[in-house]
Structure formats: C-alpha cells, structure tokens
C-alpha cells in the first residue's frame with residue numbers, strides 16, 4: 001500500500017513522497033518522535049496515529065482500492081482493515097495538500113538527532 005499512498009500524495013500535492021515527505025521532519029517516514037515540527041509533519045503524526053488504531057487488525061500492509069471521483073480521492077470497498085488503512089492514507093494526503101503553503105525544504109531529510117522534546121501523544 002505504500003505505493004498507493006505515494007500515488008495519493010502525488011495526486012494531492014503534485015510532489016512525490018520520496019524525496020519530499022519520506023524523511024520530512026520528525027514524523028514523516030518510518031516511526032516518529034518528539035514534537036511535530038511543521039504542519040506537514042503534523043499530518044504525518046496523525047497518519048501514524050491512524051495506523052496505530054488500525055494495527056490491531058495487522059492491516060498496515062493490506063492492499064486497498066481507491067479511485068478519483070470528481071477530483072477527490074475515494075476509498076473503495078474491501079475488508080474493514082483495507083478500508084481503514086485507505087482512509088488513513090486519504091486523510092493524510094489531503095492534509096499534506098492543505099499544508100503545502102507551509103512546506104519547508106529545510107525539513108527534508110531531517111536528522112532524527114534534531115527531533116527533541118516530549119513526543120506527541122495520539
């Protein structure tokens with residue numbers, strides 16, 4: 001599903017997830033810690049929390065269906081887990097689009113060592 005998430009991000013932001021979001025700030029990409037540094041990093045934090053809620057179904061790697069309808073991403077029918085993961089990805093991609101005006105290139109490839117302070121809680 002990471003490829004599908006990348007396609008959603010590309011559709012919403014016109015940017016490829018790699019390199020623009022895969023290592024952005026303290027929460028985009030694998031894992032996350034400390035405080036979310038920018039609006040785009042907050043989208044990634046919420047996405048991580050969303051995946052955490054759906055992880056009980058061990059669904060993080062489930063393939064899902066989605067389509068574009070009238071310029072909007074729409075998740076298709078599938079198992080409960082597939083639908084949940086699709087919604088997590090769809091909401092995050094839309095959040096990244098809304099935060100485009102605050103995107104900071106200085107947070108691309110942000111080193112984990114600079115992620116300080118208390119971690120956010122879901």
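Note that Cβ sites are derived from N, Cα and C of the backbone, with glycine treated the same way.
Annotated Ca(2+) binding in Swiss-Prot involves 27, 29, 31 plus, out of the candidates 48, 62, the residue 48.
Under 8 Å, Cβ to Cβ, and six or more positions away along its own chain, residue 75 (disulfide bond) finds 64, 65, 66, 83, 86, 87, 90. Long-range neighbours of residue 44 (disulfide bond) (same chain, six or more residues apart, CB within less than 8 Å of its CB): 21, 24, 25, 27, 28, 29, 32, 36, 92. Comparing local CB density within 10 A for the binding-site residues 29, 31, the maximum falls on 29.
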